[in-house]
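Reviewing the structure listed below.
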Amino acid sequence: MEKGVLFIALLISAFYSSSEAADSQTSFEDNFSIMWSEDHFKTSEDGQTWYLSLDKETGCGFQTKQRYRFGWFSMKLKLVGGDSAGVVTAYYMCSENGAGPERDELDFEFLGNRTGQPYLIQTNVYKNGVGGREMRHMLWFDPTEEFHSYSILWPPNCVSLVLYLILISEYMPTELLQNRFFVDEVPIRVFKNNGDEKNDFFPNEKPMYLFSSIWNADEWATRGGLEKTDWKRAPFVSSYKDFSVEGCQWEDPYPACVSTTTKNWWDQYKAWHLSDSQKMDYAWVQRNLVIYDYCKDNERYPKLPGECSLSPWE
């Protein structure tokens, strides 16, 4: 099994550029197609800001027209404000248009809450249609007040999956500032792959589309389904702008750029490994932000999945 890495990143400032990789910051129609409920999709007058809405009848979603295998993908989002209990905004990569039985997926979902309560972010990984790798984290900023850049970093040849919160210093928690941990990159999840046949739960073989959607999940999303969606507050609206991609666009049967070349920044050593400072930040996250970790759920998994035994520090 080929070693691989998939990084999901939430960024609050653009941070990479590459003359070798394709970059796209064009209109919605150039990059995306509406998946369902086109009447729940709107754009600003200049066409540069896009809105998905959810009401009691339906939500809405979109996907990229192209598939990719490896690279960096970024978009700015502003989440539903106010009382958003039961509402989920999903942002993810998936190898299929629907929730197919053999899909690979790297998934994170923003879980709405009652007014004044923080959003939670849930991440999950699917390999050949099997998931069950959930983690939940708190956020230490309000994702409804302004746009923030959420990015997926998926290099081809490495050993971990990392969910980054990339922050400029004024957004950092006090503890991080006091301890000088404001090194822009704050990893909050590490999903290891060591290439061992016994640890084969890693999505690195199938090209993926990028998706986003808004939908009702009040049967589970907020306090395990205890808090229901307040439809008197509908429509619930999530906002998007500034999509960009630097990656390997898929072409059948097999594009040359999918091979490891180290020509692009996302195919180099620094994109594959955590620095010493990032390891310190990761430790802070584990102490302060983790709500749920499947690797610590012995009731659910009497025998933990193989990747849980791999050290996140190496």
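Counting starts with 1 at the first residue shown.
Glycine is no exception: its Cβ is also placed from the backbone N, Cα and C atoms.
The active site, nucleophile annotation in TrEMBL covers E105. The active site, proton donor annotation in TrEMBL covers E109. Positions annotated as domain 'GH16' by TrEMBL: 17-240. According to TrEMBL, the feature N-linked glycosylation site maps to N113. Taken from TrEMBL, the feature signal peptide covers 1-21.
Taking the features listed in TrEMBL, we show where each one sits on the structure.
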{"residue": "E105", "record": "active site, nucleophile", "contacts (Cβ under 8 Å, 6+ apart)": "Y92, M93, C94, S95, N124, V125, Y126, G131, P203, M208"}
{"residue": "E109", "record": "active site, proton donor", "contacts (Cβ under 8 Å, 6+ apart)": "V88, T89, A90, Y91, Y92, I121, Q122, T123, N124, A221"}
{"residue": "N113", "record": "N-linked glycosylation site", "contacts (Cβ under 8 Å, 6+ apart)": "S84, A85, Y119, L120, T222, E227"}
For the domain 'GH16' (17-240), would you mind checking the mean pLDDT of the predicted model?
81
